[in-house]
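K.L.:
Structure incoming, see below.
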Amino acid sequence: MISSASGTNWNRPDSFKGTQCRNIIIHGYCKFENEGCQFNHGNSKETEGQTTDEVPTQRSMTPLNVKFNAKTSSSFTPGKSPAVRSPDFSSLPAFQPGAPVNDQPMLADGPQISGTMSPSLMNSNATAFAPSFNPYASESFTPSVSAGGIPSSQELAGTLHGSNPSIPSPVPSNPYVNSAGLPSGGMLGVGHPMQGLPPPPPPGALPVNPITQFPTVYPPTHSVLQYHLYAPDPPPHLKIPLKPNERTPETLFINNHLRDRLVKNNQTALQVFPRGSLPDIVGDYFGLVPMDFHNRTSDKKRYNGHKNSLYKVFSNLDGKIYFMRRIHDVKITDSAQVSKPFQTWSHLRSANITVLKDSFVTSAFNDSSLCMVFDYYPQSQSLYETYGLANSVNELNQEYLWAFLVQLTIALQEVHSNGLALNDLDWKKVIVTGEPGRIKVTDIGVYDTLNYHQEGRMLHTEQQQNYLSLAELLLNLVQRLCGASGPLDDVKSYHIDPLFKKCIQYLQDTSNNNKNIEDFTKLFSHKVLSVVNSLQYNSEYLEQQLSRELENARLFRLMCKLNAIYGRLESRIDINWAESGEKFPIILFFDYVFHQKDDTGKNVMDLTHVLRCLNKLDAGVSERLMLVTPDEMNCIIISYKELKDLIDSTFRALTQ
């Protein structure tokens, strides 16, 4: 320790009190501080007063309510010499680029920054010790309205609580355009509101929008990369021909397009939203999710002037997902009006008709609503939504028209053969459920329920009207295919297959009141063969993809069984799991499969080895393998069949 008093007189004048003690600079402290050392040790209030008095004062403003504490601030960044006490700059406002120095607000009884800074401030490390306000880390940051369009604290609070959702929150690209003051009621507690944007975040930090810090009512979007980390196949013109023994990652897994479609179907089926004013339970169903967002008033004609709503619901009976059509404010006094049409339509089974699962009247919506429940198909859209909207990008060609015609004819044949009629046949009531162009007629039985007591209904007349409705549906699709907007009944003006025109003309013929499915299908019987061939090819493709996943499901069950019995707490004190126990081979086999190491002790990640061992274990082959302990002092020779029996018996004992 260097004594500051060596070679000096302890009774010297106080002229050395402004000189920094060398012990503080070298060692960080001075043991003679309380024994008469006359030099400055950084804790003298007089020194602080002298430091701040070096800056002349010219004007003042309202003093701060709360002083900045650099020790408790998350934005405090100490310099290289933490022992050296720096001047207190906590009372100074944050410097804003682009603003004149003379226009910076001054503090009462404090320093004022003039056009020329004092040498003492220029020489001190102000950058390392000057505190900076970080609005992104402060929970009390409340911006007010400025010229840049930033909402005030009251408006922002109203937006976050849903009271004023119409207030936008734009963020200017240049945060230095507006002059910034001090935040209102924030960390520094200044009485006047902020007149601009806060300082930018530190380099490397991502700016955070205050609104995004609060949870939203809608679930987050999902990325496909969460489910498959392999790169997609290149375009067909960039593919390199492979040898018979070569494989690509896609050949080891399910097709990317099919996997993506199935994953999105699962996401759509399990997606829920806040129920809002909807009831918790309606009949035997819960978790109502609105599905129809189009709000078309023209649909009232289809339901005898009643409004309708569409919901996705979860069944309390079997746990499956269905969709429910609600007809608002239906006055039904006769129970047969609901039960009879349901019994008639619920037994229909066709590949192109959605199954009617339930029909009931409920007052859960504070009115008398008719609810009809059907099978649910995720991501399905009507023909109108798929091809009829102006912004639709789905491809429509002549082959799709033939496929739609064949499938709708199958649906009509099933309905007419059961003595019924599709009175609601429209392209808004036909949904596309999958590829290639698979469709289903939905909302069956609704018309018969609403018009149960209508007199003068003739089944033959209604069935003949179905052919006219089918012609109108097909002409709507033809219009979208040809890009024309002419009258629907003028089929001759469209450039399509002449045979397809002939089919539509047969459906539109009002002079023929005895149209039937048998005569109609004779017009395009050879087209039915091509549609059947396409659907059969698609079914074989799906079966091939499913056969690949069969192995994954089998091995997944086996891995679940292994992990259920391996590494349990009770096995640590059970003698059967010791090296001399009968279950010790399970531990060695688990390490042999998943914890492989090479000769140098490096971990080996060999998926082929894992699949080979698990396949042999699942099959229970008689092949023997040698399992060695980690210390290589003991080994066990055992067959896969014996291992399988041992694992099965252990798992059964665990589940009993």
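Easy rule for this one: first residue shown is 1, then count along the chain.
Including glycine, each Cβ sits where the backbone N, Cα and C put it.
Straight out of Swiss-Prot:
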BINDING   Arg325, Asp375, Tyr376, Tyr377, Pro378, Gln379, Ser380, Gln381, Ser382, Lys428, Lys429  ATP binding site
COILED    526-564  coiled coil
REGION    271-525  region 'Pseudokinase domain'
MOTIF     128-148  motif 'PABPC-interacting motif-2 (PAM-2)'
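Help me picture where these features are in the structure shown.
P.N.:
Within the same chain, the residues at least 6 positions away from Ser380 (ATP binding site) whose Cβ sits under 8 Å from its Cβ are Ile431, Val432, Thr433, Lys440, listed in sequence order.
Long-range contacts of the coiled coil (526-564) within the same chain: residues 252-255, 258, 399, 402-403, 405-407, 435-436, 438, 499, 586, 590, 611, 614-615, 617-618, 647, 651, 654, each at least 6 residues beyond the stretch ends and with a Cβ under 8 Å from a Cβ of the stretch.
Looking only at the motif 'PABPC-interacting motif-2 (PAM-2)' (128-148), the predicted model's pLDDT averages out at 42.
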K.L.:
Go through Arg325, Ser382, the listed binding-site residues, and name the one with the sparsest Cβ surroundings, counting other Cβ atoms within 10 Å.
P.N.:
Ser382
K.L.:
Taking the Cβ of Tyr376 (ATP binding site) as the reference point, list residues of the same chain whose Cβ is under 8 angstroms away and which are at least six residues distant in sequence.
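P.N.:
For Tyr376 (ATP binding site), the qualifying residues are Ala269, Lys312, Lys320, Ile321, Tyr322, Phe323.
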K.L.:
What three-state secondary structure does DSSP assign to Arg325 (ATP binding site)?
P.N.:
strand
K.L.:
Might you list, by sequence position, any residue in that chain lying six or more from Lys429 (ATP binding site) with a Cβ less than 8 Å away from its Cβ?
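P.N.:
Correct list: Ser382, Val441, Thr442, Asp443.
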K.L.:
Let me make sure I understand the span of the ATP site: among Arg325, Asp375, Tyr376, Tyr377, Pro378, Gln379, Ser380, Gln381, Ser382, Lys428, Lys429, what is the greatest distance between any two Cα atoms, in Å?
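P.N.:
About 17 Å separates the two most distant Cα atoms.
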K.L.:
What are the non-local neighbours of Pro378 (ATP binding site), defined as same-chain residues 6+ apart in sequence with CB under 8 A from its CB?
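P.N.:
Counting only residues 6 or more apart in sequence, the Cβ neighbours of Pro378 (ATP binding site) under 8 Å are Lys264, Asn265, Asn266, Thr268, Ala269.
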